Every structure is written in C-alpha cells, then in structure tokens.
Amino acid sequence: MASRKEGTGSTATSSSSTGGAVGKGKGKGGSGDSAVKQVQIDGLVVLKIIKHYQEEGQGTEVVQGVLLGLVVEDRLEITNCFPFPQHTEDDADFDEVQYQMEMMRSLRHVNIDHLHVGWYQSTYYGSFVTRALLDSQFSYQHAIEESVVLIYDPIKTAQGSLSLKAYRLTPKLMEVCKEKDFSPEALKKANITFEHMFEEVPIVIKNSHLINVLMWELEKKSAVADKHELLSLASSNHLGKNLQLLMDRVDEMSQDIIKYNTYMRNSSKQQQQKHQYQQRRQQENMQRQSRGEPPLPEEDLSKLFKPHQAPARMDSLLIAGQINTYCQNIKEFTAQNLGKLFMAQALQEYSN
C-alpha cells in the first residue's frame, strides 16, 4: 500500500457518531493496535456519496461504490470515490471487476489517487448488519488489510445530521471467517459475540481553507430564526419504522432460537439413547462371558447414531447485532426529541 506525506493548506473537522452493533476498535486479538485508527475523508467524497444516493437510491435499494485513497501511518485518507452502476439481471455481460479496473486506470491517467482502500454503501433505517456486508468486507479486508466500509444513512442525514460511519471487521471475526467454521463450538472458542464483530473507526472530514471560509460566511448570513428549526421534533414515522424493523428482527431471532433449542433437545436425546445402548451391550457381553461365549463384535456407533448437524450461529449473531443497532437508533431518536422539548420549554419560559 503506497503512502504520501500529509498535505498542507487545509483543515479537518471531526464527524463523531455512535455505533450500533459495533464496538471501538481494539486491534489484533482485541487488545493490540489496529491497522487503521482514523479515517480522513475529503469533503468532495462525502458530497459524491450523497449525490450518488440522491440520483440512484430508491426506497430500500442501496447504492454502493469504491473508495480510493492512501494510507499515511495509522490513518486512512479517502480522497476520491466512484459508484457501482445500477444494473439488472438482464445485464448479463456486465463485468464489475473489469469496470473497476477501467475506472482506476482512467483516474491514474489524470493523476488522481487510484489505490483501492475500501467501499461504501447506503443503508435503509440502519439495516446494514447483514451476511452480504460481512462477506464483502471480509473479501476487501483479506485482500487489503486497511480496507474500511463507509455506511451512509440518508434518512438520518435528511433530518439535519450527517450520518456517515466507518467500520472494519475485528481480528477475531477475521480469523473465524478464514476458518469458515461458524458452529456454536467454534464461535464459543473464539469468544465472538455480536459486540465483537465490527469495530468503528473515527471519521474526520477534511476541507480546504477556502471551503471553510465559505461555510463561515454562510453561517454568518443565516438568520437567527432559521436556527430555531433545529428545535422541530422529528417525524414519528422514523420511530415507528425502527420499531417495526426491530420487531421483525426479534421474530427472526425467536425462530432461530427455536431451531437451536430443537437441535439441543435432539442431540441430548440421541446421547441418552447412545448411552443406554452402550449399557445394554455391556450387560449382554457380561452375560455372554459368564456363559463362556465370545463377546459381541464391536460396532461403529457413529453409523448407528449419526450426529445431528449443528446450525450455523453466524446469522444469529448478525440478527443480534442488527437488533442492537435498531435499539441504539431508537435511543438516539428519543433522546434528541426529549432534549428539544426541554430546550423549547426553556426558551418559552425565557421569552415570557
């Protein structure tokens, strides 16, 4: 991975956010230094991602694209991006890999950073903790260690607060995905829970001095009355949709728990039958020995009692992580609106 010296003539503004089904990055093994400790994004990249969704995003449809940039020490600098074009099943001749190579070749010809450092995806009410995202990020991170995925929430952004978060798979989850063993025993041995699947990387949005001056001038020109709109309560549809999605995921988790409990009951019942069979064989051999007869021949118990296939638990972890994300969204929504109510009450009392 190439790197370059830090540029001058620009400033950075921090973009903080809280994670849903994620924890703070703890590096390799969950306690060491992470490969990337900070993500620095050019303001132009943020605008491109937002523009991409506004042009092609519809309802639950997500938009995706490639992130380009460089690595400077433990900081990932994202300096450019380009979208994946929307195509249907009829576009059988479309080759995504070839498209990416041609785009990066064109960027290299015009002397623009063209190193692949990750990808971005929009989300619908925070519904991004899926198996598809896990598999995609594993492929990126396995090939390029510093890769990140940016999650853009257009619904939260439309309410006046930019929602852009950077995630990476934790080292523990990377090891489990490499082994491709998602059995209950393997996940228990790796000490993997939904809180240790993703790590959130802090984001800093970088703008040039000219852009910062322009934003300062716009801030000065804005009327004081315009700022009172910040006290407007958010739509209850947002809360209702999050609750509906939360209930759907809880139903899925309930079905998954029923399947796992059925497996445990069947396994326990089979172990009892196996133990009873061994005891009967032992008693019969003792009786044959007392009569001077040879013992019964050894039998392969694995053929008589075929073990039940343990259900994969990765989907359960993803569902639990998504449930946690919805709970965090609901918590943020209610906290912000309660704060606005108290501020509006204080302003009213002050004006009276």
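The backbone N, Cα and C atoms fix where each Cβ goes, glycine too.
As recorded in Swiss-Prot:
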type: COMPBIAS; residues: 8-19; note: compositional bias 'Low complexity'
type: COMPBIAS; residues: 20-32; note: compositional bias 'Gly residues'
type: COMPBIAS; residues: 270-289; note: compositional bias 'Low complexity'
type: CROSSLNK; residues: Lys303; note: SUMO2 cross-link
type: DOMAIN; residues: 39-173; note: domain 'MPN'
type: MOD_RES; residues: Ser3; note: phosphoserine
type: MOD_RES; residues: Ser183; note: phosphoserine
type: REGION; residues: 1-34; note: region 'Disordered'
type: REGION; residues: 265-300; note: region 'Disordered'
Cβ packing number for Ser183 (phosphoserine), 10 Å threshold: 14
Cα separation, Ser183 (phosphoserine) to Lys303 (SUMO2 cross-link) (Å, whole number): 22
Residue counts (helix, strand, coil, in that order) that DSSP gives for the compositional bias 'Low complexity' (270-289): 20 helix, 0 strand, 0 coil
Helix, strand and coil residues within the domain 'MPN' (39-173) as assigned by DSSP: 49 helix, 40 strand, 46 coil
